[in-house]
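Participant: Once you've had a glance at the structure underneath, I'll fire off some questions.
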Amino acid sequence: MPTFVQILDFIGTFAFAISGIRLASAKRFDWFGAYVVGFVTAIGGGTIRDVLLGVTPGWMTNPIYLICTGLALLWVILFGKHLIHLHNTFFIFDSIGLALFTVVGVGKSIALGYPFWVAIIMGSITGAAGGVIRDVFINEIPLIFRKEIYAMACVVGGTAYWLCDLLGMQSYACQVVGGVSVFVTRILAVKYNICLPILTGGGEEEEGKE
Amino acid sequence: MPTFVQILDFIGTFAFAISGIRLASAKRFDWFGAYVVGFVTAIGGGTIRDVLLGVTPGWMTNPIYLICTGLALLWVILFGKHLIHLHNTFFIFDSIGLALFTVVGVGKSIALGYPFWVAIIMGSITGAAGGVIRDVFINEIPLIFRKEIYAMACVVGGTAYWLCDLLGMQSYACQVVGGVSVFVTRILAVKYNICLPILTGGGEEEEGKE
Amino acid sequence: MPTFVQILDFIGTFAFAISGIRLASAKRFDWFGAYVVGFVTAIGGGTIRDVLLGVTPGWMTNPIYLICTGLALLWVILFGKHLIHLHNTFFIFDSIGLALFTVVGVGKSIALGYPFWVAIIMGSITGAAGGVIRDVFINEIPLIFRKEIYAMACVVGGTAYWLCDLLGMQSYACQVVGGVSVFVTRILAVKYNICLPILTGGGEEEEGKE
């Protein structure tokens with residue numbers, strides 16, 4: 001029987017894959033292309049993290065991510081037209097995935113002996129880098145660099161995790177606080193449309209490094 | 001004296017490099033840029049595979065791929081105008097490369113002890129990921145996500161390899177059947193313009209994951 | 001107290017980060033997005049090199065690169081409008097960074113036992129690949145594939161390093177000659193607007209590899 005964390009992982013993977021598949025669909029990708037984009041959205045962040053940490057990417061040890069992406073593709077093929085009505089549901093699922101992936105990334109880095117500032121970055125990469133690869137594949141500027149707080153929610157959650165650890169809280173409690181911090185930050189950011197300031201003034205000419 | 005496989009490897013590398021160099025040329029890259037794009041098209045898939053598998057990329061152990069890309073660049077500089085007449089020849093060469101790279105990727109993964117579903121993915125990455133990097137570099141949506149069957153031919157070939165292995169066939173025979181499956185699938189797909197269905201219905205709004 | 005090389009490293013990182021942040025600003029990225037692009041411009045080349053060499057990326061062992069990028073972002077936020085007047089200063093800083101990163105990349109590869117042709121490529125990746133990732137993130141064709149000599153300066157410097165080593169010169173002297181070669185090549189290329197030839201004739205139709 002799957003554990004609670006495994007269920008959350010499945011939900012998060014499914015939501016991330018759906019997001020990739022839908023954006024691929026908007027660009028008229030074929031089924032295969034949409035599947036690849038969905039899969040990379042779901043596992044891309046964790047893969048970059050694992051390559052940087054020097055360990056085998058998680059999806060290479062368990063076919064569940066491939067299967068989950070396949071179910072997501074099937075869902076879009078069958079119920080694509082009705083997805084818009086489920087927009088809020090998928091937003092919640094996506095936020096669950098973001099929270100869980102961040103916490104997993106932080107925890108894995110800590111377990112491998114890295115300092116917390118590395119772990120926070122790895123948590124953010126786990127949560128947000130898949131979406132960056134997705135946007136590169138569909139030839140768009142990555143959304144997370146311009147829209148509401150997304151990767152910053154991972155940084156907030158990773159920092160909360162760290163503070164709990166500093167306070168001597170148990171590993172499990174740190175993870176719960178970290179994950180909830182990501183989730184709440186993300187929900188609040190979208191609900192109140194909280195954005196970081198746009199950077200201006202540095203780029204009237206595009207001649208920095210060539 | 002080079003073996004038969006080494007000759008096929010050289011032909012495949014040359015064809016992949018030519019494809020990258022020609023697309024770079026269409027975007028008015030300079031010689032250096034065209035060389036880099038050609039090189040990355042040829043070795044990019046194998047490099048991603050080897051990074052994921054945790055081994056040293058093959059091109060770092062043998063300068064033949066650098067030399068082969070140099071010859072491909074020289075060929076385009078000298079005979080560029082006549083390349084169009086050779087279109088069918090390069091299509092055959094490219095399909096040979098696709099078949100060989102796939103089989104090499106599957107075989108290397110098996111030899112490192114990975115299960116077959118990982119090996120099939122690694123074979124497909126070896127064959128098709130170089131073209132994805134190429135298209136990202138020239139700022140286009142990767143062709144393999146939208147055109148005739150390309151990476152799917154790798155999946156077909158990897159699966160054929162697996163079935164042969166299940167049937168107890170010898171390693172060499174599995175490789176031949178796998179490679180021929182890739183080659184024939186690709187040739188038939190182009191000859192009869194076989195495409196996968198376009199995915200529709202999931203992307204009228206682009207608001208999945210942000 | 002920081003060594004001379006550490007000071008050069010800081011200057012180079014700062015200049016590379018500024019270049020990423022300014023281009024992100026021109027695309028209206030938010031502060032977080034600009035920070036990420038600046039950071040990746042600064043450490044991206046070294047990270048790809050270290051992943052290929054199979055060692056832990058340098059920025060994961062020392063938070064100085066994160067701090068340096070933060071200072072670069074602060075600089076652009078505070079003094080963005082005045083950056084244009086400093087264009088020549090940043091060009092010199094960027095060239096210092098290019099020279100130092102190249103020499104560091106060559107030296108690290110040699111120390112790990114790789115042959116010189118691999119080391120020259122690793123030096124070039126260290127110097128130039130960060131700018132390629134930056135341009136992919138802002139959805140532009142990488143500048144180094146089309147503008148004045150940039151990555152070629154790394155190849156020149158790496159080759160000079162190699163020749164000095166062949167002549168039996170000491171490691172330190174090889175590094176100085178290599179770095180100065182990169183710097184001078186880059187300065188001369190921009191001063192006299194030296195470009196490599198544009199590749200033409202290979203791309204009237206875009207149908208190489210699909």
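Keep in mind that glycine also has a Cβ here, set from the backbone N, Cα and C atoms.
Worth saying up front: this structure is predicted, and the values here are computed from it rather than measured.
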Participant: I'm validating the feature mapping. Which of B:6-25, B:186-205 is tagged transmembrane segment in TrEMBL?
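Facilitator: Per TrEMBL, the stretch marked transmembrane segment is B:6-25.
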Participant: Quickly jot the same-chain residues contacting the transmembrane segment (B:116-137) by Cβ under 8 Å, restricted to those at least six beyond its ends, or write none.
Facilitator: 16, 19-20, 23-24, 36-37, 40-46, 48-49, 52-53, 97-99, 101-110, 143-144, 150-151, 153-155, 157-159, 161-162, 165, 178, 182
Participant: Summarise the domain 'Glycine transporter' (B:92-164) by DSSP state, stating how many residues are helix, strand and coil.
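Facilitator: Taking each residue of the domain 'Glycine transporter' (B:92-164) in turn, the totals are 59 helix, 0 strand, 14 coil.
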Participant: As a test of reading the model: what is the averaged pLDDT for the domain 'Glycine transporter' (B:7-79)?
Facilitator: 93
Participant: Reported in the order helix, strand, coil, what are the DSSP residue counts of the domain 'Glycine transporter' (B:7-79)?
Facilitator: 62 helix, 1 strand, 10 coil
